């Protein structure tokens, strides 16, 4: 499991996940993301799932937990480009409304309120 965390604006972080996300990798990712949220600047997380090949229930818990943390700052979450299998998992978990098929740039523009077309 490999991941990248990039602050694209003062309020928005993009998390790129690669490989397999299981309970072994979740703790490291959770600590970094929660630290950014609790510093008080992050209000939006864009999870780029394009490079993710597998995620178990601990990965869903990771996303749900960060969504709860963001609720305290009226934050938002975007689940970007999940695979067909992960799309089903997110839909069954009630996370369907947060999914988006787009580029990172389009997701960032949506967060900023810029809508093209």
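Each position is counted from 1, following the chain as shown.
Cβ coordinates come from backbone N, Cα and C, glycine included.
Keep in mind that what you see is a predicted model, and the values were worked out from it rather than measured.
Among 53, 58, the residue that Swiss-Prot annotates as phosphoserine is 58.
In sequence order, 21, 22, 23, 26 are the residues of the chain that are 6 or more apart from residue 58 (phosphoserine) and have a CB within less than 8 Å of its CB.
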